[in-house]
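Per Swiss-Prot, these features apply:
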type	residues	note
ACT_SITE	7	active site
BINDING	166, 169, 172	Na(+) binding site
């Protein structure tokens, strides 16, 4: 069985609010297997939001490891992210995991990969945004434009950007799960 793939997860920060949104579509090859998957969640006693793109089982394992790193490092998101990225890159079993994580608290927004990357995107006018997954580039472009040229709040920006991504990316649907800080 080939791994399931295709998703869009977008995180937007504006005026002290942080919103992460994930679509619900899970695709196996050319078939939609599920339309209501939950790809975003809260971690760190509710102070961190996180989403994943990639193999579902791998993502759940990474969520568990990241939760442990948050506890070990007193909920310091950057420190926990760097420690997870180091472990992910150097551990023989973890290196095989196929996923990307998007994590955020009120101050930081980070993308983590198995290559050891911990990327904090550049801020954009009136906020910050990052996206992962097959529809990520579409959602990110829309979010940046909305942040720069509208007065929409963080949730509205995320919803509109995800709507546009779902219209363009065949691996993304409009069944959103949204978490806010």
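Please read every residue number as a count from 1 along the shown chain.
Every residue gets a Cβ built from N, Cα and C, even glycine.
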So which other residues, same chain and not among 166, 169, 172, have a Cβ within 8 Å of the centroid of the Cβ atoms at the Na(+) site?
8, 23, 25, 134, 135, 138, 139, 162, 165, 167, 168, 170, 171, 173, 174
Under a three-state reading of DSSP, tell me whether the residue listed as 'active site' is helix, strand or coil.
coil
Neighbouring C-beta atoms (10 Å sphere around the C-beta of residue 172 (Na(+) binding site)):
28
